[in-house]
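Trainee: This is the structure I have questions about; it appears just below.
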Amino acid sequence: MRHGSIEKRNPDPLYAEQVRLLYENAPLAYTVTLINGAILGYIQLAFIPIAVVLAWYGCLLFVTAFRVLVTWRYGRVKRSADEARFWNIVYSIGAAVAGIVWGAAGWVLFPLDSIAHQVFVAFVLAGMAAGGVSVLAPRMEACLAFLLPALLPLAIQYLTLRTPLQTAMGVMTLIFLAAMSFSAWNFHRVIRTSLHLRFDKQELEAEVTRRQRAEERLFQEKDRLQTTVSSIGEGVALIDADGRIEYINPAAEQLFGQRCEHVLHRPPNEMFECFDDQGERIATALEDSLHSATPQRKQYVLYGKDKAKYVVEELATPLLDRLGKLVGAVSVFRDVTEAQKFTEQLIHAADHDVLTGLPNRNLLTDRTKQAIARAHRKHESFALLFVDLDQFKAVNDTMGHACGDALLIDVAKRLTDCVRAEDMVARLGGDEFVVLLDGPTHRRHVEAVANKILHTLREPFQLGAGSATISGSVGCSLYPHDGRDVDSLLGRADAAMYRAKQMGRNQKA
Ligand SMILES: Nc1nc2c(ncn2[C@@H]2O[C@H](COP(=O)(O)OP(=O)(O)OP(=O)(O)O)[C@@H](O)[C@H]2O)c(=O)[nH]1
């Protein structure tokens, strides 16, 4: 039963509470003691000398005063449970001495020549014993310390008188003493049980309060977490140990174009179709993280409900419980479409001309190197055509820089239209362009392309309200005939272009 376990677990509070009850009942007991003692003494004056009565009552007063002092002190000091034993011993000593004084009444206030007064003494002592049981029952030692010395002398007194009535009275006093002791024990057990119940209740209430507070804290934390997760810009998704979605936050709803309630308990790959750079369908990092029980980071493409293409970066972490068991995984998704575009733009800008969008010298150099390597490997050729506009400055000067820009953009388009997809048109700067004719190339073919270029450049350019007509000079170089590296090939093409200019422009060399 719980009571025993509580006493074993935490005995001192129970003991201290029993002692506290003793002291709590004490003022009433002292008052009754003094009143009953006074009445007894007064009644017995008829047969007992006043000096004896006063001496007895004086003893009673003295003992009671001592007990009042102890009780007062007990009420004043700050008691710890450890000190309960001391206060119990002091109280029990007081009860024992009081019992002795009351027991003495069974001898010194017991008139041999008045049966009625003898019975009165017995009546008062029985009353005091019964009252003592109710007051002292919280501690049995205090109870017996009072009962035994209070009643035994009276019983002995009766038994020594040897008349049938007095012998019967003596025997009955002993029986009364035994009955009182038994009642005291029962009463003591009732008090202990009720104290146990009270402690149980307090402990349960404290436990309930503790749990309520813990629950409250958990709710608050959950609310805070929920609010945080709901309000952050990154998408958050949670899957359980079976790989089924438990939660996605509003940002993830927006990213995937799915409402949380529609994706609940479904595997992520059913909901979000992720593709790698090659357009192959791949698993989310969330699923990989659950399967590998390790954090995973991935970047992939997915298509929203609006069919728009998103580039998503996902960081997934497996979730373990307190025992280290895998219970799911959580992912944070970031829409990096814009960042990706920006990066691509940066990369593009590093290799391309801002005005025309054509590859710049960097990219031309790279592609030419690749062409050299391939042609070298396959014993093939390729060509570079250096194109410079003739008198382009005049367009700027007469029509304005903006028209010059527009013309350059148009030139870029026309040059691109002159060549195959595998060829490359690059702008080196100003009005200088280079065409890389990739793949096996014969001089005949180069000349044909050069003529095509000269022809297309001579077509009038529509620039805003007006138009302009210009021409170009083209210099060609062939790998490996004119050089085996980028610089020599470009240098030869440039020199050839310069020769064409010197020959009167609008021609190839
Ligand atoms: N509109 C415009 N003009 C440019 C740009 N870059 C260079 N230019 C101009 O292009 C002209 C290039 O002139 P040049 O190639 O030196 O000479 P040209 O007038 O073409 O004469 P030749 O080459 O000798 O036939 C210069 O006036 C530059 O200021 C540009 O991005 N936009």
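Just so you know, glycine gets a Cβ as well, placed from its N, Cα and C.
Okay, so TrEMBL annotates it like this:
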type	residues	note
TRANSMEM	28-48	transmembrane segment
TRANSMEM	54-74	transmembrane segment
TRANSMEM	86-109	transmembrane segment
TRANSMEM	115-136	transmembrane segment
TRANSMEM	143-161	transmembrane segment
TRANSMEM	167-188	transmembrane segment
DOMAIN	221-266	domain 'PAS'
DOMAIN	296-348	domain 'PAC'
DOMAIN	380-509	domain 'GGDEF'
Trainee: Please indicate, using numbers and ranges, the residues of the same chain that are 6 or more beyond the transmembrane segment (28-48) and have a C-beta under 8 Å from a C-beta there.
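Mentor: Hits for the transmembrane segment (28-48): 54, 56-57, 60-61, 64, 67-68, 71, 98, 105, 108-109, 111, 113-114, 117, 120-121, 124, 127-128, 131-132, 135.
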Trainee: Is it possible to list how many residues within the domain 'PAS' (221-266) are helical, extended or coil according to DSSP?
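Mentor: Each residue of the domain 'PAS' (221-266) counted once, the result is 22 helix, 10 strand, 14 coil.
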Trainee: So what pLDDT does the domain 'PAS' (221-266) average out to?
Mentor: 89
